[in-house]
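Student: Quick one: the structure is below, and I'll ask about it shortly.
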Amino acid sequence: MEFPPNLLPDEANPKWMNKGDNAWQLTAATLVGLQSIPGLVIIYGGMVKKKWAINSAFMAFYAFAVVLICWVGWSFRMSFGERLIDFWGKPAVALDQKYLLGQAFLGYFPTATMVLFQFVFAGITPILIGGIWCPEGWLAKLGVIDFAGGFVIHLSSGVAGFTAAYWVGPRIDKDRERFPPNNILLMLAGAGLLWMGWTGFNGGAPYAASTVASLAALNTHVCAATSLLTWLLLDTIVFGKPSVIGAVQGMITGLVCITPGAGVVQCWAAILMGLISGSLPWYTMMVLHNKLNLLKHVDDTFAVFHTHAIAGGLGGILTGFFAMPKLSRLFFQVPDWEKYIGLAYGLQTGRTSAGLKQMGIQLIGIVFIVCLNIVTTSLICLFIKLIVPLRLNEEELRIGDDAVHGEEAYALWSDGDRFENAKGNSIYDVDEYPSIMSKNASELQMGDKQAQGFEFALQYLPPLLTAKNTGRRINKGGDQFGRSNCPHNIVSSVSPGSTKIHIMEAQLTDAVSAYPRVRATIHLGSETFSVQANNGVLSEQLVSVKEQSMSILKDFITKHNIPTEVPDEPEEVSSEDDNDISAKPPIKKSKNGQ
């Protein structure tokens, strides 16, 4: 009997390679990679306050690239190569085709596929993983059950993240008190990618397109759904409303919890694990967090301690309780498979001691992973601190993305473009973007002449200015004024047909020379004038730009013979909270009284 031509081995398809397993492993690697980019990029970008959207998303993006270079440079073989000590391998490159095209240490596919598959896990959690997954690791030999990385990925990332947050220090008080997500819908999209990508995360763990992979994928989604609904139910009971952010947290805790045992527990056990993972981490996050000084002290922005450390450790313990011997045999495929038995089945079959031993091994694994990550993360942070500060300065923390990257997440118009005032989308019969003026502002009467789209715009960097706003009303919301994002356009304008021009004057509160760009763009009818000051401290630049701007304006008024009159000073209106958007302009009735 002859094999079909597509199944015959050749130089590119050696006898030991299973094409189906190789195809599935590459697919699983891609799914896990999509969890990081764009999954975590979108989640983190949408979950944080707007001023940190770029920084949070970008860190996940570039870290993926950094880890890949480290991975092929030394980390893969340090994790899965020759042993240096019991939990640490010898670093070596994984770049030579002779090495990459050979058979992987497990499975029927090339080492190149294994390098890629293990990399996407390292990319989502850059933690040393040799202790458990490497067949020669001491925890693997001890008998720890960690099906797809609940210990080496999630428990590790939770502990390491919490430890790093301790050394880095907290955000500014204002951000800790109020840190609303800037885009919940975008966050949900990222959460969906993370959830679906977990099919490859757990389904790829057997290194084969097998029945165990199918069970692992199903258990993953069942546990996640149960945990999500449990979290929502608790939110509704306790707080009266279901929370979208809570739903995402519940989904994550369910996915994390099932990971250590996805292919070695039955589907009904996955439901029970989902109930526990949706309730215990909810309690530690929503109740216990506010009672323990350590948890309150460490600024764990994304709550990774609860969603990963607690849920990952919980998953390891529950795996030690629910692991079924038959499923363990199908997964491990080793002669001594009988030692992988959960306590529940040990009690059922009269092997209670074996079940208790497995629970003890799981706890040893948890303690070792926690201690290893606390020590190594602390050493890494202290080493980095010798080179660069771990924490941004107060001014950078107040400003956000623009101070760190010089960019904003949501730029509605480009630098230097004229911002056109419009009423088309407003329910009020007034300008959507009113004049923003200071106590020292002046009004210029234009007499019978009409201002044909007159606009005066002062654009400045950095956002270290504040103005006491005066006038009939104030626009407190948006990025036009009052937020710490930059560049800002503070615009004072009138529509065609109006008889008044408002001029804005800003008052300086902080003079910082590190941001040397201050400029003004003035649109007067069909003419455009630009002035800029690049030298001196910020206060000097502002004076220079203001003087140049007012000189141009006066020349324009003289040139067009526009009479001027300075009115009485308007009543001052101020805002205590620059993020308050509750103040709205009065509704101006139309002629028919509507």
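The backbone N, Cα and C atoms fix where each Cβ goes, and this holds for glycine too.
All TrEMBL annotations are machine predictions without curation.
Taken from TrEMBL, the feature transmembrane segment applies to 23-46, 52-74, 105-133, 145-169, 181-201, 207-234, 255-283, 303-323, 363-388. For 114-410, the entry in TrEMBL reads domain 'Ammonium transporter AmtB-like'. Taken from TrEMBL, the feature region 'Disordered' applies to 561-594. The annotation compositional bias 'Acidic residues' is assigned in TrEMBL to 566-580.
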Student: Over the domain 'Ammonium transporter AmtB-like' (114-410), what is the model's mean pLDDT?
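Tutor: 91, rounded to a whole number.
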Student: What stretch in 23-46, 145-169, 181-201, 363-388 has the biggest tally of Cβ pairs under 8 Å against the transmembrane segment (207-234)?
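Tutor: Checked against 23-46, 145-169, 181-201, 363-388; highest Cβ contact count belongs to 181-201.
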Student: Are there at least 3 C-beta pairs under 8 angstroms linking the transmembrane segment (363-388) and the transmembrane segment (145-169), leaving out pairs fewer than 6 apart in sequence?
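Tutor: Yes, the stretches contact each other.
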Student: By a Cβ-Cβ criterion of under 8 Å, what residues six or more beyond either terminus of the transmembrane segment (23-46) are in contact with it?
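Tutor: Same-chain contacts beyond the ends: 53-54, 56-61, 64, 107, 109, 113-114, 116-117, 119-121, 123-124, 181-187, 189-191, 193-194, 196-201, 203-204, 207-209, 213, 248, 302, 409.
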